[in-house]
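Enquirer: In case it's useful when we look at the structure, here is the feature table from TrEMBL:
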BINDING   107, 109  Mg(2+) 1 binding site
COMPBIAS  538-548  compositional bias 'Low complexity'
DOMAIN    14-208  domain 'Poly(A) polymerase nucleotidyltransferase'
DOMAIN    213-357  domain 'Poly(A) polymerase central'
DOMAIN    360-420  domain 'Poly(A) polymerase RNA-binding'
DOMAIN    426-498  domain 'Poly(A) polymerase RNA-binding'
TRANSMEM  229-248  transmembrane segment
């Protein structure tokens, strides 16, 4: 703690004036045009017809909100003079407001601002019911207990995420400016959080010197981040607003540069950034409202943020509190690769398509954990995977605190289970975590026990599900340790195929000072990144070759997957592989599942290939030997 405090930047955290004011050259214009052409196949530019449709839908929704607020005023017997003037307004924020909405993008983030007579309960009751009766509205659902409460729905084919805030004003006029801090006066914390999205987006747009260059650069950076698997706030990487702030900072430093130069400078600056030095777009400001703001000099908890990117609107907050030491290390390595690639491009040795080559995650590591979440019905499955996904960063934090693990890298994209898993467990989703173990210092086998970290994660998920009253019969989490060569049991061949032109380095060998330290991960809530990759269906495979042993909670067996050296001769430390102990479990004691009288049994998974085990199963001799293999019939 002391060393962290000493390393905290002082004053205004090194905010500097522009680094370069040089005008762009003809070469810069040519490179920028080539960048645009390279991005077009990925659908990052919205066509005019789609843009018009979205604008029309938002106009209808705005009128719909005003109508509801007026009707509510009448039902509450407000004077006619006020009822006619109450107003109400829809504000957009996020990618749509920034002007970087992509073709076919999933949703629009919107804010419903209402006058003082409208309560939050009205929004989730009468407004929800009004939406339910509209023909244009489909897939309506309310998430009232979220960190930022939201109603999600499709309006005439456009997905909307609508949050709510009421102001301490009797009316809401069309020319309302939410950037004024006085609009936050006397509001509860949920309204402040709801307003924050719009206020931050507007402030970013105000602070960048050239909107056209900013938007094109941000489109390129977001496409790169998604292709390289580092776009996901919920998984501990960065969400849309964080990437926007990083790009905005580069635009401030190079105000005259075009997008091709800005992309290169983006990688240059942030591959060498002295984290946890924060990124700010403006100086931290105080306000008469005395709301809590990010400041490690005042707030001890802020000193443990490993990659702070601070929102420019009051109250200033860190948008990257989900980032862990592992996810930061992965992103910095990707910044370094991006710098190498863009340097080659600007020298004419490569083209822009190379920047957007996808990460081959399943060839990057030797060791993986497969995390499986399943439920009996589709509705239960959607609720279950939403909760599990929001807590995977907790598992990453638990794993990276293990003294033998240097990197725990989660792939943000989830994959559906195949037919075999469907028959066994119902609706299934899988996530994959790549692991890098520390190099062994001797030829002696080391037992790496992952039981505690995984058990703590599953306990957290089950307890929260129980507290939220969404835990149902059939909801399960299972974790399986596998090696790279065993991933084909879970994924289709096309996903695992090596890309001939892509060379992926191993983090464990090329980290260049990015060795992860043991770190603690906060339990703060996620804002739920909207940009999720599509889920790739997997073909049915030989999953029946994966044996699972049922083990009673009363037993004390310890199971280890022993990785054997390839040769019987003396083994060097660098050739040694870790021995992994892994245990997954059902709900902890105290969690009640409807239809269950007892707590689910502990389950340990190991992978078995035909005629060949991936490792040797070592068991405590004091324990009874396992009596049967897990199968649907024995279940």
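Any Cβ shown, glycine's included, is placed from N, Cα and C.
Fair warning: this is a prediction, and the values are worked out from it, not measured in the lab.
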Enquirer: Among the binding-site residues 107, 109, which residue has the fewest other Cβ atoms within 10 Å of its own Cβ?
Expert: 107
Enquirer: Summarise the domain 'Poly(A) polymerase RNA-binding' (426-498) by DSSP state, stating how many residues are helix, strand and coil.
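Expert: Residue counts in helix, strand and coil order: 27 helix, 22 strand, 24 coil.
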Enquirer: I'd like the per-state residue tally for the domain 'Poly(A) polymerase RNA-binding' (360-420) from DSSP, helix first, then strand, then coil.
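Expert: Helix (H, G, I), strand (E, B), coil: 29 helix, 17 strand, 15 coil.
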Enquirer: Find the average pLDDT over the domain 'Poly(A) polymerase RNA-binding' (360-420) in the predicted model and report it.
Expert: 91
